[in-house]
Amino acid sequence: MIEILTSITFLRKKNNVVEAEEEEEEEEEDEEESVLPQTKLSMSESRCSKSQKKSSTCDAEKDDLRSHIETHMANLFKCAYCNKTFELKINLRQHIRIHTDENFIQKSNLKGHIRTHTGEKPYKCSYCNNKSFKTKCNLEAHIRTNTGENLVSCSYCNKSLEKSNLKAHIRTHTGEKPFKCSYCDEGFSLKCNLTVHIRTHTG
């Protein structure tokens with residue numbers, strides 16, 4: 001009789017354990033079902049729908065992903081001044097500064113800058129008549145070469161020029177190009193030439 005009761009007790013305990021394990025498995029399955037859709041959603045949010053790549057670029061944060069997707073959408077951002085188009089909005093903002101006075105304290109500086117794009121040279125030299133310049137300061141510097149004011153001679157070709165321009169002139173003989181482009185490593189003998197070149201990268 002004792003053995004029968006012991007067997008019944010053991011079976012009940014065993015059944016309880018099995019039922020408890022089954023309940024735990026059901027709870028785990030419910031949890032997995034509730035977690036899986038969220039996981040899929042987060043993956044779809046960080047995947048580029050254009051290229052379908054799972055790279056470090058496409059799996060980036062929302063802002064990085066948005067910027068990445070813009071690279072696929074050519075000619076999306078258009079300049080209201082000249083209709084030039086850009087893939088990225090930040091490049092459009094940089095370009096618009098050409099048309100506005102955002103980076104110029106005086107209006108005369110803006111006009112001088114715009115002439116670098118139009119090619120206009122309204123300032124003419126009264127000494128040689130065949131020389132014209134975009135800005136008044138460039139004309140004044142040129143006139144000093146005619147009057148001999150503050151001039152020095154180049155040791156390579158004996159040309160007379162302003163002392164401030166001597167180093168830049170000597171580079172035309174030595175081939176030295178100390179001003180390097182951070183985008184493509186191309187070198188320039190004059191800083192102003194580097195500035196113009198960089199615009200080919202930035203728009």
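We number each residue from 1, going along the chain as drawn.
Keep in mind that glycine also has a Cβ here, set from the backbone N, Cα and C atoms.
Please treat TrEMBL annotations as automatic predictions, because they have not gone through curation.
Sequence annotations record features per position, and here TrEMBL assigns region 'Disordered' to 16-49.
Summarising the annotation, TrEMBL assigns compositional bias 'Acidic residues' to 19-34.
Per TrEMBL, the feature compositional bias 'Polar residues' maps to 36-46.
When DSSP labels each residue, the domain 'C2H2-type' (77-104) comes out as 8 helix, 4 strand, 16 coil, counted as helix, strand and coil in that order. Taken from TrEMBL, the feature domain 'C2H2-type' applies to 77-104 (among others).
The domain 'C2H2-type' annotation in TrEMBL covers 104-122 (among others). Mean model confidence of the domain 'C2H2-type' (104-122) amounts to 70 (pLDDT, 0 to 100 scale).
Distant neighbours of the domain 'C2H2-type' (123-151): 112, 115-116, 160-163, 165; these residues of the same chain sit at least 6 beyond its ends, with a Cβ under 8 Å from one of its Cβ atoms. For 123-151 (among others), the entry in TrEMBL reads domain 'C2H2-type'.
Long-range Cβ contacts of the domain 'C2H2-type' (152-178) within its own chain (Cβ-Cβ under 8 Å, at least 6 residues beyond either end) map to 141, 144-145, 187-190. Residues annotated as domain 'C2H2-type' in TrEMBL: 152-178 (among others).
Tertiary proximity for the domain 'C2H2-type' (179-203) is limited to same-chain residues at least six positions away from its ends with a CB under 8 Å from its CB atoms, namely 84, 86, 91-92, 94-95, 116, 168, 171-172. The domain 'C2H2-type' annotation in TrEMBL covers 179-203 (among others).
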